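Engineer: The annotation domain 'BAAT/Acyl-CoA thioester hydrolase C-terminal' is assigned in TrEMBL to 182-389. Feature annotation from TrEMBL assigns active site, charge relay system to S210, D304, H338.
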Amino acid sequence: QGLGPRQQVTLRASLRDEAGELFEAHGRYQAADDGELDLARCPALPGGSFSGLEPMGLLWALQPRKPFWRLVKKDVQTPFRLQLEVLEGHGTPPGQLLAQAEHERLFLREGVRRVPVREGRIRATLFLPPGNGPFPGIIDLYGTGGGLPEYRACLLANYGFAVLALAFYGYEDLPKEMKEFHLEYFEEAINYMLKHTQVKGPGVGLLGFSKGGDLCLSMASFLKGITATAVINGSVANVGAVLRYKDITIPPLGADTKRIKINKSGIADIIDVLNNPLEGPNRRSFIPLEKAECRFLFIVGQDDHNWKSEFFAVEGSKHLQAHGKEKPEIVCYPGAGHYIEPPFFPMCAASMHLLVGKPVMWGGEPKAHSEAQRDAWQQIQAFFHRHLNGKPSGTTNKL
């Protein structure tokens, strides 16, 4: 408030991540006749990081100064601090500073308990919602980056789920590399959740992204106690490492690095690298989904350049139905890339890939990707509320 009638201003947002790297976005705006600027009613004009009616544009359009850098949250106990500025005019650079504020984006809602878990071999963090449980339980797995990302699990716990963020390699005394995984480790995590007094049985949910997605599908196929499995841009074949369970071995899907395409900027497109899991010896890598006794949700970015997520989801669905199983839910998002994160994380178009050793493109178009993240977040919560609580979600329209 307090601008001149139809005054032209630039709004700028910036934040530094925990590594000190700077992310920035800006929008060009014109105040209303009464000198008020309401982003829910005033469209951003062309020439900024985004245009049109985008009240959250200053968040989803944030881009790193450093090339190939992805915004992640390492410590959920501290907020992201977003600097907001209003600057005079639409020049480059814009004019004088008219107003500024700091906005804190909290991850750990008041009353949510963060419990480090070191039981047996398990290396994890459990997030418990406020109030008296028991709560529907979810095990959350990330991808080939390894370590122990906690931010998605933490955010889900804000909505009434007991969520175990589970590390599986590249963390503490777990294997350093992705060579071989044993499902007994994941079975231990399921049993930990099922025995926990704050976790509502009779089964738990699984949420996996990328490599974590195919691990969740393998867990659902071989292990007991799983009621619902949601996979974000995952594969229906075992990828990247040998998988063992008791006397069963599933080899990783074959790949051919000659199929990597490098663009003019030196960024690799790896979408064609993996072999087809329906052909020849590669069929041994296809996860036996027909053994699973749970419901499935596949979240698919149709512009995923990491691998063919839509193809995998469709083949998984065909496979389940051919074995007399219920058709999984598949939600496809045109213009969404690989890294479908919680809402308002900026899209990462390309970043370093640990296994490829160079930056790879993840795909996606920023606005469509942002809309996909918002919707997928609702779909995931509704799916788990439906199958772990046996009742429709009360949080479908809240973020």
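Numbering starts at 1 and runs along the chain as displayed.
Glycine too: its Cβ is placed from the backbone N, Cα and C atoms.
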Engineer: Just to be sure I understand the packing, how many Cβ atoms besides its own are within 10 Å of the Cβ of H338 (active site, charge relay system)?
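Structural biologist: Looking across every protein chain shown, the total is 26.
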Engineer: Name, in the order they occur in the sequence, the residues of the same chain whose CB lies under 8 A from the CB of S210 (active site, charge relay system) and which sit 6 or more residues away.
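Structural biologist: Once residues fewer than 6 apart are set aside, S210 (active site, charge relay system) is near Y142, G143, T144, I232, N233, G234, N306, H338.
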Engineer: Would you mind listing, in sequence order, the residues at least six apart from D304 (active site, charge relay system) in the same chain with a Cβ closer than 8 Å to its Cβ?
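Structural biologist: Long-range Cβ contacts: N233, I271, E310, A336, G337, H338, W362, G363, G364.
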